[in-house]
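Remarks on the structure that follows.
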Amino acid sequence: MYSRIVVLLLYGYALRSAHARCYIFQPGDPIQDTDEKIYIAQPFNVTIPLEAGVPTTAQPASTGKDQLSLVVPPDDIQSLSTTTSQPISTEESPIVETNYGPVQGRRVYAANRTLYQFVGIPFAEPPVGPLRFRNPVPVKPWSSVYQATKKPFPCLQTDFDINSNVTIPTANSSEDCLYLNVWTPSRECVLGKFSCVPKTVIVYIYGGTFSFGSSGWDWYDGKEFVARGDVVMVSMNYRVGPMGFFHSGTAHSSGNAGLHDQLLAMKWVKQNIRNFGGDPDDVTLVGQSAGAISIGLHLVSPLSKGLFKRIIMESGSPYFRIADNTREGPHKVEKLARALQCARNDMTIESHMAEMVECLRKIDGKELLIMSNTIFGVHALTFFPVFGDDIIPDDPYLMMEQKKFHKADLLIGNNLDEGSYFVFYLFGRALDLEQAHKITKYEVDLYVSYCLQMLLRKNVSPIRHYYLSHIGERENIKALQKAAEAVGDFAIICPTKYFAESFASMNNKVHYYYFTHRPSFSTWPGWVGPTHGDEVFFVMGLPFSSPAIATDQERELSKLMIETWATFAKTGKAPDVASKPWPEFTAKNQVYMELNPKRYTYGRGPNEKNCNFWKSYLKP
């Protein structure tokens, strides 16, 4: 029998435990406990509200009596059609005009400050039916007041296993998902006062290997950052997986619909953010993992010119040699089409691609996603941005070498143990972290060699020797740690370092951080260090929004990181840390600032020796 206890584990997300796995709810289990509270399991002793849910269509709130009815808890997930008469703007529920129509948000609080939150604002027409796989179409204008009070559902995706201890179900994911969120401290601007002074804008792009993620997830809530950083923040949903990066090699599906979603949201910011108290000419893009890669792609995209001033890239860069979706994309389309009876035996991608794509547009979205996962694997680096179209005309590495990029200040960095997060996926998500000590060095060698061979298509024997030759046959955990080091260097740390070197060498200001603090609330076993994504908690203020899970020292670290990110966004300079000046990272002086409450210090690299080894594999 499944437990009905609701717990908070990794990423500050409300999860429901079931058979030693963590879920928000069992698939198919309707939410009926309308008075249910969210209790955080030991050692977290605090009660917090569950936040989720949004409109299911990009239409304005109805002013009539007919309302959309959903079976949901009453506080945070409701129908958007909640008004029975035309609403009025108040301090509690201000109405702001946009180019598409008026939106009504609500007053919220964080860090003893009053803020205003507008969530679930549509910026594109629902990308369904004939719009599936296509670039987004701007949302149609509305006249009624749109209730921007519910966070968006995730774009269509599969349940996400953070590790063998934590799963984030996405049963509520939807193709109708192109919404954005705004948090602002600017009372005068929101209420239409003449004393409005625009503030710096942060546009946040979530990560997730381009296959999962949502701006509506709690750890991306912008209240703490906005309150403590005194900026305006915007986050948006973008399509992931086959819905966002389905590449037919023709105009029928460009392969970069997800990037175009981001681009359209950035244009929305340029056109509308002033009414929310933001300066449209002072925008900083912030992204983690796939979000950071996306920012690197916008940096070289001719279509993104003039939409941002500075960039902050956490654990990712466009120099990651991502899966070859550009070349292989049409063949993936063909495999899906044949599996879903959208291609006869006599059809080929050269002569019948349009028919295949048109048929796939009519397949139920979840059925298409399930088949894609069956054929290509779940979160298996299958659908990625492609090169050679209007948004990314060429390989980003070559475009950088040709100096075809936008001028910007850059704050960039890595976490100490980026790779352990990915080792979980190398073992086909079958790695039980509590039983990891039973995995032999031979098995580690086999899995790492196979995966790197598939990704690099080169002889990987030197890589195996470099990382594993000095590990004893019975040193199982050490073998896993070295495998994690290899994967982290390959996928995240070295591509990030190469990009910083290249960007700095072209007369751009670069500052580099190295995050080395393992969260006290980590759900990973003790042999895992501060891994991929851990810094997000501190950047977004989780130690403040969920105080019972963090230490006072971690709150100080979070405060410092928010102030650093916000100061950089405003000035292009990294502030002093623990009274130590933060020097620029240059091609000749590759210095970083270590972010760890036990030691704020300088270092070189990071992983300088390892990244020199990887150059023959990762640089074209």
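Counting starts with 1 at the first residue shown.
Every residue gets a Cβ built from N, Cα and C, even glycine.
TrEMBL does not curate its annotations; it predicts them automatically.
Per TrEMBL, these features apply:
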ACT_SITE  SER289  active site, acyl-ester intermediate
ACT_SITE  GLU418  active site, charge relay system
ACT_SITE  HIS532  active site, charge relay system
DOMAIN    93-614  domain 'Carboxylesterase type B'
SIGNAL    1-20  signal peptide
Alpha-carbon spacing, HIS532 (active site, charge relay system) to GLU418 (active site, charge relay system), which is rounded to whole Å: 4
Spatial separation of GLU418 (active site, charge relay system) from the residue listed as 'active site, acyl-ester intermediate' - C-alpha basis, Å: 10
DSSP-derived structure type at HIS532 (active site, charge relay system), helix or strand or else coil: coil
Active-site residues (SER289, GLU418), the one with most neighbouring Cβ atoms at 10 Å: GLU418
